[in-house]
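Right, one structure below, let's go through it.
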């Protein structure tokens, strides 16, 4: 702006000099002085008008709103757009039309020559050079609030479930700052899930991050749905599921399983309404461009943050957090950044930190995140999972060997851990009982080779007693789920933390050594196990 003013002054000076040089007529000195004074007066009087216009406050988000640019280059998911006027801000959303559909581009870099480099949130097939692009003047925003529950949307908040538009009056930018220190809650509090094995041995923290490790067919989806169901019943909270790089088939299955289990309401059977649903779903499928997969976790988190700020305890699921990193690496390569270790983006830790630090408790509500984590080639030192581990408060490991025994949930009680399992947080009784359970199960695991080779008869009396208790504990860690009632025929059980501690404390102390093992399989509280045991003993006699 300063340069423009200077050049205009220079032009005016040259205009003053040029007429005298061209005419060759000598003017009266006094007249020329008066003329120059009048010119100076004109310039002085007009200067405030220019400065006033310059000092008029312009909102940052409206600085380039409505500016139209045109596409200069398309390379895969990267689109370069040139503007004549003001450039859009970094992270601004640009819009254009592609094959009759709305295409959103997010500004990633300013390249110079009035050109910005953007990342497309959908396919760029069909785009042409010279095509017009409009700056929205704002970042990508998604609908938030209860209207999103029971619905599936994409990264830019558009519904993809063929049930009509989302009836939300509120939207929110997907790029938010993490809560300030003064806003965050410093109280370490357990989020009781009603699932015995989780609450006893690897309790979740309100506002914590939990890594969920599990292969195919070990009950990961069922565990996720039960957590969603129990949080809604016990805490009245909502859940958000972000499918990052999800297989379309898996996402489709999850949606219908949630309807069948009662977690969500089928809008097609409820006059288009999803009232009563407990979970919002945001999908960026495996076949979508890296821009969508890199941003869909932020879209889901934004919805979760909205519920948290209304005072809710929210569950936020991400499947799979590795694919968030993978998409970030693709975007980074397309933008021309030099890769770091193993080909990942140089901003890996920054990108992960920006996401994870937003998942926290405030004095109003909490977001508890359960993140499925894929470990490439089972290498825990790979930068992607290693960066994720730094943020986790607990891990829940699902074991195939436990699932093969028919014990569900198939959570490994020895491989799962939580920083919340501390006597200062959970209390002395809870901590002591959990340690006793783990000690008995660890000793049982060590004895299994001897049992397999020599049989139970070769064990000492103490070891025989310990093995019997361990097998009962193992079975008591199983639990019927509400969301699996249709398959098991058994009503689901939500077990309080007090009942869980009471039951395992008695098992470790040998109070139930006289009951058969079958009495502890697929029951809720210890009182149910006692009733079942008496019934089994009566039938046997």
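Every residue, even glycine, has its Cβ placed from backbone N, Cα and C.
Positions annotated as region 'Disordered' by Swiss-Prot: 1-65.
Residues or ranges marked as compositional bias 'Basic and acidic residues' by Swiss-Prot: 25-36 (among others).
Residues annotated as compositional bias 'Basic and acidic residues' in Swiss-Prot: 52-65 (among others).
Of all Cβ atoms in the protein chains displayed, 20 besides its own lie within 10 Å of the Cβ of residue 220 (ATP binding site). For 214, 215, 216, 217, 218, 219, 220, 221, the entry in Swiss-Prot reads ATP binding site.
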Inset, instruction - Give me the non-local Cβ neighbours of residue 221 (ATP binding site): same chain, 6+ apart in sequence, Cβ-Cβ under 8 Å, ordered along the sequence. - result: 250, 253, 254, 257
Inset, instruction - Using all protein chains shown, find which of the binding-site residues 215, 219 scores highest when you count other CB atoms within 10 A of its CB. - result: 219
Legend entry - Cβ-centroid neighbours of ATP site 214, 215, 216, 217, 218, 219, 220, 221, 8 Å, sequence order: 398, 403, 410
Legend entry - binding-site residues compared (216, 218) - highest count of Cβ atoms within 10 Å: 218
Inset, instruction - Could you list the residues of the same chain, at least six apart in sequence, whose Cβ is under 8 A from the Cβ of residue 214 (ATP binding site)? - result: 220, 223, 372, 397, 398, 410
Inset, instruction - Ten-angstrom check, please: count other Cβ atoms within 10 Å of the Cβ of residue 217 (ATP binding site), all chains counted. - result: 11
